[in-house]
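Straight from TrEMBL, the features:
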COMPBIAS  12-22  compositional bias 'Low complexity'
DOMAIN    172-241  domain 'Protein-glutamine gamma-glutamyltransferase-like C-terminal'
REGION    1-22  region 'Disordered'
REGION    60-82  region 'Disordered'
REGION    250-269  region 'Disordered'
TRANSMEM  26-45  transmembrane segment
TRANSMEM  96-118  transmembrane segment
Amino acid sequence: MAAHRRADPAQRSSPLRRSSPPGSGWVAGAMVAILLAVALLIAAIRPPWHVDPIDFTLPTPKPRPMPTRAAPSQTAGAPSHLPINPPLGPGPDLSWIKWVALGLLIAAVAVALALIVARLLAVRRMYETQPDEELEIAGEVTPDLPTLQQGAIRAEERLLAIGNPTDAIIAAWLALEEAADASGVHRQASETPTEFTADVLERTGVAAEPVRVLLGLYLRARFAATPSSATDLDRARQCIRDLADSWQSFAEATPSTPNSGSDQPGSRS
């Protein structure tokens, strides 16, 4: 029973599939045959075709003679018909550039000179407004003799108190440096303390020999490899006594005034 129920595969095809109608193939073939017969009939009735070729031949150009131009004869007074190029006009005037550059240079020089003059005037006004004490030269200041006399006393005391001649001479000179620094004289920036002390001592009017000998003994004691001797110690003590005696004589020769602290004995005229 199952075998009899099996359907043919053609019958199980999709319901959307349509089978071709019977006799459609020979109908198409008949139509093609009719068209071919009609074409052959028309070709037999119509005369043969004739195609006229197109002539693409261009006309040959005739040569033209080149025009010749004879030079016209120039007669006196006859105007020339030849075109004459007009003369070129003058170029732009650039002479003003050099004048502008010269003016700028003069202005720059004038500004520079004005700045220099203004600077000089400012410096001059600065010095004019300073008090006289700030502009005072060290050579015009008289040292205070009592201060130097106290320094000489301390120097001699150190010579006697210190047993080593080298250390004693150095200590004595340093006592004089302290007195010179307190004497009222301003030391210049270019001066060393040693140079300043020697200058102050000589400025009092004493003989130059004691100052130079004492300075030499101090430099030898401080910088020489050989230590100072007892003889050097005695010479240093004698120089300090000579300085103290000179300052004492200056003080006795010049009477002191109560209200004049700047007039000291021994000042240079």
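Glycine too: its Cβ is placed from the backbone N, Cα and C atoms.
Residues of the domain 'Protein-glutamine gamma-glutamyltransferase-like C-terminal' (172-241) grouped by DSSP class, helix first, strand second and coil last, total 49 helix, 0 strand, 21 coil. The average per-residue pLDDT of the prediction over the domain 'Protein-glutamine gamma-glutamyltransferase-like C-terminal' (172-241) is 91, rounded to a whole number.
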